[in-house]
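Student: One structure, pasted below without further comment.
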Amino acid sequence: MASRLVLASQSPRRRELLAQLGLALEIRPADTDERVLPGEPPRDYVLRVAREKARAVPGDLVLAADTAVVLGGEVLGKPRDADDARRMLRALSGTRHEVLTGVCVRRNAGALGVELDAVVATEVAFARLGDGEIDWYVGTGEPLDKAGAYAIQGSGGAFVEEVRGSVSNVVGLPLAETAALLRRAGFPLPWERP
């Protein structure tokens, strides 16, 4: 039984979400290429990146995830700069979009080990934003390191009108589905331990 879970991510949001489950973590960020391959469907993209992250980090039990905002089939990753964040926010303004997270749990046990994964989708309805709102928000710096250029758990939450599905997925890690994958990998959650 793995006593410690390795999180293959430097995301403070994923760390905070897992802390809500009472999990002791070892943080080992994965160094992987997160570019979308030509013609790669968004679901395949987030799952591929999550798997690559999980495989790139040593450990008995490794958890990795990748989140993307998808609008009209286009993956909106983290903005390159403030202008790119403005472009993304203008595109999201007044629309419904999807947030996809690929989650991978890799357990190195026995001769073969186990790799379990899932893709979770959440639909988000965004308010109509004017240039003043967009400029103010980009000026806060908050959207510059977030997929799709917004943080539902921060000031960007003021622009979200509706969420269908997992809110924690939009933050960066679907907790219910992640807990289910950990259980299937033989990792008991804190409330299941003697």
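Any Cβ shown, glycine's included, is placed from N, Cα and C.
According to Swiss-Prot, the active site, proton acceptor annotation covers D66. Residues or ranges marked as site 'Important for substrate specificity' in Swiss-Prot: R13, T67, Q153.
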Student: Around T67 (site 'Important for substrate specificity'), which residues of its chain at least 6 apart sit with Cβ under 8 Å of its Cβ?
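Tutor: Counting only residues 6 or more apart in sequence, the Cβ neighbours of T67 (site 'Important for substrate specificity') under 8 Å are V46, V99, L100, T101, A147, N169, G172, L173.
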Student: Residues with Cβ closer than 8 Å to the Cβ of D66 (active site, proton acceptor), same chain and 6+ apart in sequence?
Tutor: E34, Y45, V46, L47, V49, A50, K53, T101, G102
Student: Sort Q153 (site 'Important for substrate specificity') into helix, strand or coil using the DSSP assignment.
Tutor: coil
Student: Are there any residues at least 6 positions away along the chain from R13 (site 'Important for substrate specificity') with a Cβ closer than 8 Å to its Cβ? List them or say none.
Tutor: A151, Q153, V171, G172, L173
Student: Across all the protein chains here, work out how many other Cβ atoms are within 10 Å of the Cβ of Q153 (site 'Important for substrate specificity').
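Tutor: Taking all protein chains shown, Q153 (site 'Important for substrate specificity') has 17 Cβ neighbours within 10 Å.
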